[in-house]
Ligand code: ADP
Ligand code: MG
């Protein structure tokens with residue numbers, strides 16, 4: 001068992017501590033009973049101290065009356081496992097071709113290892129987390145992602161069991177969160193023939209936030225937020241500005257599915273969508289319970 005690292009606030013006078021705590025009240029009141037979907041990824045997921053902060057934040061949010069739902073990623077962990085097994089990757093346009101053998105590795109890494117580590121951390125911090133994949137409760141129906149050739153849109157590439165969401169039935173998540181549990185979801189869906197699909201976790205988090213009518217979607221990542229060409233943080237982004245940034249190549253790689261999911265969620269009625277720096281200790285708590293703004297907020301218009 002690890003103890004909370006309290007040393008960093010030891011120098012703060014009791015009166016100031018009380019002041020800081022009481023400033024959370026309006027936020028607690030505002031968000032009480034509301035759902036907040038958290039995409040957990042990047043460094044926050046690999047650094048032990050940040051993992052601990054994350055687990056404590058999730059538990060604190062639950063205890064003050066919010067309903068946190070965690071969706072986790074795990075690209076680097078999957079890479080590691082495949083490398084250890086000596087499985088050579090085959091990539092098309094930056095996407096790993098997921099054959100049946102690769103998919104079984106994806107399932108055991110995500111659902112067996114990464115998800116269960118997160119469940120354990122949250123439970124050790126005093127919460128009651130329950131791990132789910134999209135298969136549980138028939139939650140995430142998926143189909144093969146169509147990948148068009150970037151030069152010839154008439155041509156399609158077969159990248160195996162990489163999935164696109166068909167629908168999400170959130171009833172299992174609702175049942176758990178209405179009770180005292182904290183759902184932790186692995187981004188795996190199932191198809192018509194009960195086959196498995198690996199889905200981008202940002203896309204799952206965004207869609208889940210939409211179907212749950214979440215108040216907030218927080219995407220923790222390994223960078224300050226969305227950056228412009230000069231590397232400056234963009235604190236607020238509209239769909240039109242995002243289109244321009246994707247068009248001119250400023251937004252690329254893993255930020256593309258993240259930002260696409262973020263816009264979809266914002267347009268579908270999720271009130272606050274933020275891409276935040278998961279490397280900042282307690283980034284989530286700061287975002288939800290203080291007036292500090294970190295990272296990039298995505299607006300619906
Ligand atoms: P995550 O684990 O959060 O999904 P990803 O690596 O998939 O992490 O996505 C975040 C990465 O996207 C950043 O580390 C950065 O390399 C890349 N990226 C591409 N364009 C941008 C941009 N305009 N602003 C910030 N990050 C960007
Ligand atoms: Mg990513």
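Positions of Cβ are set from backbone N, Cα and C atoms, glycine also.
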For this session: Please state which member of 194, 198 TrEMBL lists alongside 74, 75, 96 for binding substrate.
Result: 198
Problem set entry | Cβ neighbour count within 10 Å of residue 96 (substrate binding site) | 19
Problem set entry | Near-site residues: substrate, ref 74, 75, 96, 198, CB cutoff 8 A to centroid | 73, 78, 79, 106, 110
Seminar exercise, completed: When each of the recorded positions 39, 75, 198, 258 is scored by other CB atoms within 10 A, the minimum falls on 75
Seminar exercise, completed: For the domain 'Aspartate/glutamate/uridylate kinase' (34-277), the averaged pLDDT of the predicted model is 95
For this session: According to DSSP, folded down to helix, strand and coil, what is residue 75 (substrate binding site)?
Result: helix
Seminar exercise, completed: Expressed in Å to no decimal places, the gap between the Cα atoms of residue 75 (substrate binding site) and residue 258 (site 'Transition state stabilizer') is 14
